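The next block holds one structure in the form of structure tokens; read it before the comments.
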């Protein structure tokens, strides 16, 4: 009930915490646990934590295979993660329970269409002329924004087009990042997968769709609304963080203004987007670790 109240108030972070507390009570009621998982998944979804939301939907469906809300939520998550084949499978599973469920019918049709056409901005050059035009579109979108992209061919593919699709997250093996790629929304804006690295604790966060005009501080306020379990010293607070990106070619570090948008950072003359995934390093201000980390390195501060 507490979680539902927070959810109505759109305080999704506290809603997640409340539903999690309910699950920790281990009531033994599979149906209630399925509801808690589905509701927590909905809260995660609104926070943009699509992989966590999907995991909750999967667990809820295991507890109650006919729980239609969990199936709809899982299908929505796969849509956001651009896993259209999986979204179709979830929709079909739900339609076996209720053939006339409007959300599933509409989502099934949309997933079919997107799977057929392809939603990413670039594509391999050996595909159709239509798809090749989309690759040129991707290049044009980057050029007009003055964004520099570094493409790294995967082991299976030695040649990659100048577009944005088929960019794998090489070197970052995380379930949360699976399938995430930059995409263009209905308003003509780019949404990027963004990786947050915490060198002091060897931890990472992954944002699936970081709108290019969103500020970093807005994401930090959501991500650190509650202290992460690994922050035992309680120093990773939104206003106590410093962000940096690394210029690997020159082996130099640049401080990032949290008030800046993602696009402003990507347009920096020394920022190069590697493997289609912008990355920033996060440190607690004036921490002994950051002083040691930056020792001997050239750092361009604000």
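Yeah, the Cβs are placed from backbone N, Cα and C, and that goes for glycine too.
The average pLDDT computed over the domain 'Cns1/TTC4 wheel' (185-287) stands at 90. Taken from TrEMBL, the feature domain 'Cns1/TTC4 wheel' applies to 185-287.
Outside the repeat 'TPR' (34-67) by six or more residues, the chain places 3-4, 6-7, 10, 12-13, 15-16, 19-20, 22-23, 73-74, 76-78, 80-81, 97, 175-176, 178, 206-209, 222 with a CB less than 8 A from a CB of the stretch. Taken from TrEMBL, the feature repeat 'TPR' covers 34-67.
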